[in-house]
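Asker: Dumping the structure here so I can ask a few things about it.
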2 protein chains.
Amino acid sequence: MSGGVDSMVLLDLLQNSIFSLSVAHANFQLRSIESDADEDFVKNKCLQKQIPFYGKRFDILTHAKMNKCSVQMSARTLRYNWFYHLGKNLHCDCIVLGHNLNDEIETFFLNLSRGTGLKGLLGIPKKVGPILRPLLPFTREQIMLYARSRNLHWREDSSNKESKYFRNVIRHRVVPVLFKVFPNFYQNFSHTLYHLNQYYSLSEQAVQISRIQITVMKKIDPFLWEINTEVLKRFHPINGYLFRLFSPYGFKNLPDLKRLLQAQPGKQLFSKSYRLVSGKNRWLLRQKRI
Amino acid sequence: MSGGVDSMVLLDLLQNSIFSLSVAHANFQLRSIESDADEDFVKNKCLQKQIPFYGKRFDILTHAKMNKCSVQMSARTLRYNWFYHLGKNLHCDCIVLGHNLNDEIETFFLNLSRGTGLKGLLGIPKKVGPILRPLLPFTREQIMLYARSRNLHWREDSSNKESKYFRNVIRHRVVPVLFKVFPNFYQNFSHTLYHLNQYYSLSEQAVQISRIQITVMKKIDPFLWEINTEVLKRFHPINGYLFRLFSPYGFKNLPDLKRLLQAQPGKQLFSKSYRLVSGKNRWLLRQKRI
């Protein structure tokens, strides 16, 4: 729980349910006094409502620097790891998060603008492992309406109001324009997202079938596969197949894979844990020994 | 050729190529004097450059009313039909159109906001039958730059400057915002579109394979197919499969198809040209006799 409107609505809804609750609050200490005030706010709410509260402070800047990733990515990693860990220790059945339809739309536009490929356009999953996001079908406006009708209190994240982050540009300057011109925007967007996911599943199956077709045999060595490149070469679109078949093994560079497809026997490609060796009409995919 | 900057750039490029050209201009008479001035502009350019000019006037409002479709849809249908017809009569090898990357982006956002499904997000094809769109990889800014560097003249469509149409809202209020925040927006967008098309092709193959799996036999009657619904029912995601397998025959209503999957033998669904009859673990798909 951040203390924002989504999390307060979620708490209000779950409180009236049959589930027994614990609240976790991650304090990233990025907005100094404000961050601490958020923590106090959530803590006090929990005290009032007699719900167990778990707070944790993270030194996110050090983590980001050490792992050479963005502050946002660090926050994400640290938060989710802690949620999993805490959920396990407390024997929770699930971890419930307050993401809504607007978060999903913003993520879509962010990933579209950053060019992260199709997977980034599939939306935020409703359920992954123990994580549930029951507010995902609702817009921020609907959640706000509920919060007001129930007289809930929440804290505004000051960074939300500034157009400082990319996400906020999309939130304040792109989505409202589209919604104004297309009153069914939210509904239509959900519809598109649903279809994208259906197509993704279908394409996943084409890849599975093709994987069976090209894998000649799994040798006695359980870490060695033989791939029939004569069959592989006939797949169309070859780029789509090469990427989807070999990126799970860490081979994500298409030009490299395409060169290997034309290479003399003996040429090799290496990923972190695998080796791909070209032979006559064959590739050998071998897991590296640890 | 509309007389706009895209078409003038296209003409300039093609003029310096080895191809022999004819120019077609559709006058939709929607902006009265302005429409006629566009036609005169293009006609005079062609006279100057000694390129055969073909102009045609369309009564688009009547066509839209009679066919119960939007003015834009009417314009599209009438224009393309005439292009095909003219191209055939003149024995042209191809019909070249001036669409650019911005048109593609705008179409993507329009279709996303309208909820037209994945096909509407796949972009404008570079080549369909005789139609080619060689300017598709270039942005409007790049085309403008070329036009200025070559001292070309063109006509501005006054309706482009107003935020009157949905497309113009996206053109003037959405794309510039995204481009400002994500300087690689165009490149990243193209990248995403490429991936969407790859996924679409892959999913198309999963559907083809499944079609073979469920089609028990093509009976002696060439207009009758038998479908194994026991196998069909096992496909996942069933909605994706049902839609992709049966929409080509005009069955686009998913709830209807799902009901038929559970129905007693003898239940039927009708589309414009096909009939789908449920039997025991079977469907019969029959083309209607004309």
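Yeah, the Cβs are placed from backbone N, Cα and C, and that goes for glycine too.
So TrEMBL lists these for the protein:
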DOMAIN    A:1-173  domain 'tRNA(Ile)-lysidine/2-thiocytidine synthase N-terminal'
BINDING   A:Ser2, A:Gly3, A:Gly4, A:Val5, A:Asp6, A:Ser7  ATP binding site
Asker: Which residues, sitting 6 or more apart from A:Ser7 (ATP binding site) on the same chain, put a CB under 8 Å from its CB?
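Answerer: Same-chain residues close to A:Ser7 (ATP binding site) (Cβ under 8 Å, separated by 6 or more) are A:Met1, A:Val42, A:Gly98, A:Trp154.
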Asker: Against chain B, with Cβ pairs under 8 Å, which of the binding-site residues A:Ser2, A:Gly4, A:Val5, A:Ser7 show up? Give them in sequence order, please.
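Answerer: Listed binding-site residues meeting the cut-off: none at all.
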Asker: Hey, what's the Cβ neighbour count for A:Ser2 (ATP binding site) at 10 Å?
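Answerer: 20, counting other Cβ atoms within 10 Å of A:Ser2 (ATP binding site).
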Asker: For each of A:Gly3, A:Gly4, count the other CB atoms within 10 A of its CB; which of these binding-site residues has the top count?
Answerer: A:Gly3
Asker: Under 8 Å Cβ to Cβ from A:Val5 (ATP binding site), same chain, six or more residues apart: give me those in sequence order, or none if nothing qualifies.
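Answerer: Listed in sequence order: A:Arg140, A:Ile143, A:Met144, A:Ala147, A:Leu152, A:Trp154.
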Asker: Around A:Asp6 (ATP binding site), how many other C-beta atoms are within 10 angstroms of its C-beta?
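Answerer: By my count, 24.
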Asker: Using the recorded ATP site (A:Ser2, A:Gly3, A:Gly4, A:Val5, A:Asp6, A:Ser7) as reference, state which further residues of the same chain have their Cβ within 8 Å of the centre of those residues' Cβ atoms, listed in sequence order.
Answerer: A:Met1, A:Met8, A:Val9, A:Gly98, A:Trp154, A:Arg155, A:Asp157
